[in-house]
Structures are given as structure tokens and as C-alpha cells.
Ligand SMILES: *Cc1c(COP(=O)(O)O)cnc(C)c1O
């Protein structure tokens, strides 16, 4: 049976070049980069090289990159670190209703500890209104955190404009760029952001390694406490192999960026076009214009996304309903809810995300399988409603 993976926004396979770069750092160059003897030299140099590779992908300086254990840790650190460092200045944080849970749950934690959080609304495409951001600022606001690209619907936020508002009011600006990295041009200097979260496993690197960009001159409190690693900013023996893998993945992402965008966006557009041509009552969620190149978020009216997901899985196709984090529960997606999508429609929504290994044949197989499952499920639901089940 054909296997088709259409969940690249959940994670990506590690590319061969990335794995090859990592392997020597498990057993050949195993030294602790903090040690002073000669065998620590190679790992130490490898960290420096990877830091430059990640910095180069986003137009940052090497000293502005600190490695973390994942994107989630980078998000936690940015908000907790800013909240602690600026607690004498204020206790108000502004974010949005559509953030990843790494940010939302961190903010909810801070609310239990005396901080106040404003969760901005979004419009029907998932876009944040810059005027609403400016209106939410108070003299107690210490941090604004708005994601670059939404992981469920793929909407790209106007980060440059939003960061300029923060700067005008002298407030720190953080963005979760985990879904943006490797999928669009990013230049932190041009964007004007103070902090930015990244993760390797969404760009064909390994799981368990991320980074936080912290603009030179910005001071936040540490989140991990211990040794003097990462220029005393993030304690814990470095995940050398993971960092090397992240560096290689970042280098490949930079070199092949245009090719990657072209490949994924053309297959994504083909997928949407075929689905709309062959299946009735389908809606595309999110912005058409400001969108992640690989994201298709589709609502199939009158059916359950969970049932579709299981049927597709039986046919070797991996997709997601809403986001991977909420797929274990039946609570409707917080992102689609914030966009005003009615609950019945949210339940009929699938997220299909294409990537570098996706082919046109994969898409054709997925569309024909989708067509079968939608017809079947709609038949069942119309029979059951006629019989009054
Ligand atoms: C995947 C993801 C994260 C979490 O990154 P991990 O490295 O898996 O912890 C955070 N934010 C967004 C937008 C993501 O897509």
C-alpha cells in the first residue's frame, strides 16, 4: 500500500545529509564541549559552526543564537525570562488567541503568578489587527508575543508592522517562528524583532533541539539554571549531535529556500485545486495570500474530521485534524474557534501539509482517497439523519 505523509507541520524526516553530519558526534567526537582538554576541541568547534549556520538563516549574529531543547523551551524561556526580568516595570503581556500551546499555556501559568495577559482576537483569516495591538498596550505592558506563522491554518502575521508598534512603545517583541523558519525569507534585523523561537525538527533536522534568537542588548532572565554553557544563558551540557544537525538543516534550508517554496506551494495549490474540483462543500481556512507554502487547511462540510483521519490512515495517508496537540481530544481547535468558524465545521476540518519529499502522485492518491471517504461518510450521515439516528 502507498504511504503518504502529509503532516510536515507536525514534524519532518531528518535529511540524509543532516544525519550524516550528526553521526560522528555520538561516539567519535563525544567530548564535553565545556572540557578543557584536546578531545573537547572538535565538539566545541562544531557548536560554533552550527551557531553560525542557524544565525545565517535568519540574518542574526552568532552571539544572538542560544540553543534550547526544543521550540517549546524557547517559547517558555522568552516569556518567562522577560516576565521575570521586567517585573519591576510592569506585569502585562500581550499575545493572541491563536498561539501554539507552548505560548498559551506559558501565559496561563504566568496569570497564576500575578501577571495579566491580553489575548488578541484575529479576523476570519486568522490575521491580527495592528490597531488592536496598539489599543491593548498599557503603561504596564512588558512583552508582546505574536506568532509568525500559525501552525494550524498557515496564516502569516504582519510581524514587521506589529514589531514596529512594540518598538514605538519601547516594549519587547517576541515571535514564535517555528513554522516560518525554512519556509520563507527571514531577516531578524529587517523584521525588528527582539526575540524569536525556532525548532530543528520542523526543517528536516532532529527532534529535541531548538534555539532562541535574542537581539544583542536585550536582557532576559535565565530559565535553565546550572552550568555556564551557552555563554551562561542556558545551562545544561549541549546536545552536540542535535545542534550539529540543526546547523546542517539550517544551512540546507538557506541554500534551497526558493526551490523548497516553489515545490511545496505548487503541490499545495494543486491539492487545493483538485479537492475543490472533485469534492463539493469544501472550504479553505486561513489566508490565501499570506500563507505558509505547504499548508492546506480544509473543511469538509457534514462530516467528522476524526472519521476521515482514521479512514485515510487505513489507506496509508497521514494527516492531522487541527493540530497534533489537540488531536487526542475532541475540543474544537482554539485557532479555528478564534477565527469564528462554527463548531460543526471545525469538526469537519483536516490539516494537510506538504513538504520536500511529497510528489504529485502522492497528491493524486490523496485526492482520490479523500473523494471516496467523503462520499462514503456523507452517505452514512444522510442515511442516519433520514432514519433519525
Ligand atoms: C512545533 C511548534 C512548536 C514546538 O516546537 P517543539 O520543538 O516541538 O517543542 C512551537 N510553536 C509552533 C508554532 C510549532 O509549530
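Any Cβ shown, glycine's included, is placed from N, Cα and C.
Site annotation (TrEMBL, ligand pyridoxal 5'-phosphate) includes 71, 72, 151, 199, 200, 201, 237; from 179, 258, the additional listed residue is 179.
Counting every protein chain shown, the Cβ of residue 202 (N6-(pyridoxal phosphate)lysine) has 26 other Cβ atoms within 10 Å. Across all of the domain 'Aminotransferase class V' (4-366), the predicted model scores a mean pLDDT of 96.
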